[in-house]
Amino acid sequence: MASTELLDTLGGVGRFQMLYTALLLFPCSLLACHNFLQNFTAAVPRHRCRGHANGTWSTNLTAESWWRASIPTDQHQRPEPCLRFVQPQWVLLDPNATVGGAATEGCEDGWTYDRSVFPSTIVTEWDLVCDSRSMRDLAQTIYMSGVLVGAAAFGSVADRWGRKAPLIWSYLQLAVSGACSAYFNSFIIYCVFRFLTGMTFSGIILNSLSLVVEWMPTQGRTVAGALLGYAFTLGQILLAGVAYLVRPWRWLQFAVSAPFLVIFLYSWWLPESSRWLLLHGKSHLAIQNLRKVARLNGKREEGQRLTKEVVSAYMQGESSVGPPSSSVLDLFRTPAIRKVTCCLMVVWFSNSLAYYGLAMDLQKFGLSIYLVQVMFGVIDIPAMLVSTTTMIYVGRRATVASFLILAGFMVIANIFVPEDMQTLRTAQAALGKGCLASSFICVYLFAGELYPTQVRQMGMGFVSVNARVGGMVAPLVSMLGEYHTALPPVIFGAAAILAGVAVCFLMETRNMPLVETIEAMERRAKGCLSKEATEGKSEEVSLQPLGISSHIKEPSELEGPVGKGPAGGQAALGEHPLEEGARALALNLVLRPGGRAWYHLPQSFLRCLSKFPM
């Protein structure tokens, strides 16, 4: 493909690509902090009813004695968090005494909280416990709703207006909305700003991945996509550390939001995708960006040789792409793209459902929430190392499918582990979460490679909507545990297995170039667009981007008796005995030492060479 060869000529995976990728992935790691932030800002500390407002007790009674007389206990002899006696039962001060049938009531005067671990959370500030406990889940659902809306909005916006503009806006919106979430004292306003924060998740992730992929040569895309996963993992571990050091929820909210102001400032330096600029007729801006790449990669001379003529020749090869699609129906227009879209809808929904079902309720494991957060982050590292290796040497399809199916069986197997073995249950859940995280990152790269440039952002935005729906449904599935404890893990595990099966119906994209149009995607699916015909191998020389044919076989273009082809007793240039000599001389004249063509050599010169006698 011309764009890949152009990037190879400008240094391949060079200094620019590494710096560019690092600057884009750093915000993604902080974004992971926001994604899992409610594990800490909405943590539920131990609580029980406050004593009667008009109650009095003897100064000889300790607070513990008062609570023993005022709060009933459950079957495990733990204080009930949502009930109190209508009248204190003083007889309970005797350790051997019991009370049966005493009248109870709700916490009419509020709650007291154990603030030893969490000095303040949104739960303690707005009393989101007992009858109001669903409001805590509502806040997370509203955040995921914002992610869903952002996926739908930013997907189409980026295809029409470029990747850079919505990315910069997302940075600013996250910084402002995240800080405002910590400032206001209203739960409703908090939810509104959490919704706006959620919108930026899709704007940052989708555009960052597209920019990394579109500025990266083919051989570097796998590693670049995997680095997104490592950045997300680093963010989860970082969140555990920051949350441990910054316990009050407002300061924690501010601590993970303020850095995006700095990111917003440096993001103006990031160049727009040259591929997008070329496909939208902005060749002068594309040349500026490509020259910047050449300078950073130590290929200044090659960058200066870029001209409008070279870019125009490239655009002739890409002219069939046309403007970006404006209708989501284009994702279902042809059989090939329809199959990709339907399969990815299942994969993204199921993966997200299982992933957030495991990762967003860490208190259920009975261990330190900070330790569990670190475990859930660290386990992703070896899982993604394995997935990265298999993506490179085995392929995308086999990697994603195997990790999803393995995760599904791990989650279901946890049902059979006794509840008193909390450490084993946590470790097994962490392994399943690691597999889901790896497959999630792999499928981001996989989807970006499956969709053509014409609809890539719209396609990824559309299937990302399904992932957000899965994230919204996950808390509802977890609530089914009140009816039977096995229901949530069975549903989460079955969803992951279903997603793994759906991946098996997708096309492998390992070492394949990005397709530009839906029509090209259809031809590739039918076997008419082979890898050899579309991908410029690193050891081959391609003159096509510069308007020079490396295999000239059109007799009508040749002059004299040579143009007669076989019927005239002569061969076309592609079959002429002097073809190899002519091409060798031509290449020797126009190639730089690295082996790439940069000067436009007229085909009349090639025709002249073909007329020389043997």
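Every residue, even glycine, has its Cβ placed from backbone N, Cα and C.
As given in TrEMBL:
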- 82-511: domain 'Major facilitator superfamily (MFS) profile' (DOMAIN)
- 554-573: region 'Disordered' (REGION)
- 18-37: transmembrane segment (TRANSMEM)
- 142-162: transmembrane segment (TRANSMEM)
- 182-206: transmembrane segment (TRANSMEM)
- 227-245: transmembrane segment (TRANSMEM)
- 251-270: transmembrane segment (TRANSMEM)
- 340-359: transmembrane segment (TRANSMEM)
- 365-386: transmembrane segment (TRANSMEM)
- 398-417: transmembrane segment (TRANSMEM)
- 429-447: transmembrane segment (TRANSMEM)
- 486-507: transmembrane segment (TRANSMEM)
Dominant neighbour of the transmembrane segment (365-386) in 142-162, 182-206, 227-245, 251-270, 398-417, by Cβ pairs under 8 Å: 227-245
For the transmembrane segment (182-206), sequence-distant contacts whose Cβ falls under 8 Å of one of its Cβ atoms, 6 or more beyond its ends: 27-28, 31, 34-35, 122, 126, 128, 135, 138-139, 142-151, 153-155, 158, 166-167, 169-171, 173-174, 228, 249-251, 253-254, 257, 444, 457, 460-461, 464, 468
Other parts of the chain folded back onto the transmembrane segment (398-417), taken as Cβ under 8 Å at six or more residues beyond its ends: 347, 350-351, 354, 358, 383, 387, 390-391, 424-425, 428-429, 431-433, 435-436, 438-439, 442-443, 446, 486, 489-490, 492-501, 503-504
Outside the transmembrane segment (340-359), six or more residues from its ends: residues with CB under 8 Å to it: 36, 144, 331-332, 376, 400, 404, 407-408, 411, 429, 432-433, 436-437, 439-440, 443, 447, 450-451, 459, 462-464, 466-471, 473-475, 477-478, 488, 491-493, 495-496, 498-499, 502-503, 505-507, 521
Cβ-Cβ under 8 Å with the transmembrane segment (227-245): same-chain residues at least 6 beyond its ends: 21, 25-26, 28-33, 35-37, 39-40, 205, 208-209, 212, 252, 255-256, 370, 373-374, 376-378, 380-381, 384, 387, 437-438, 440-442, 444-445
Distant-in-sequence neighbours of the transmembrane segment (18-37), which means Cβ under 8 A and at least six residues beyond its ends: 171, 174, 178, 197, 200-201, 204-205, 208, 211-212, 215-216, 224, 227-228, 230-236, 238-239, 242, 252-253, 256-257, 259-260, 263, 266-267, 270-271, 296, 359-360, 373
Confidence summary for the domain 'Major facilitator superfamily (MFS) profile' (82-511), mean pLDDT rounded: 83
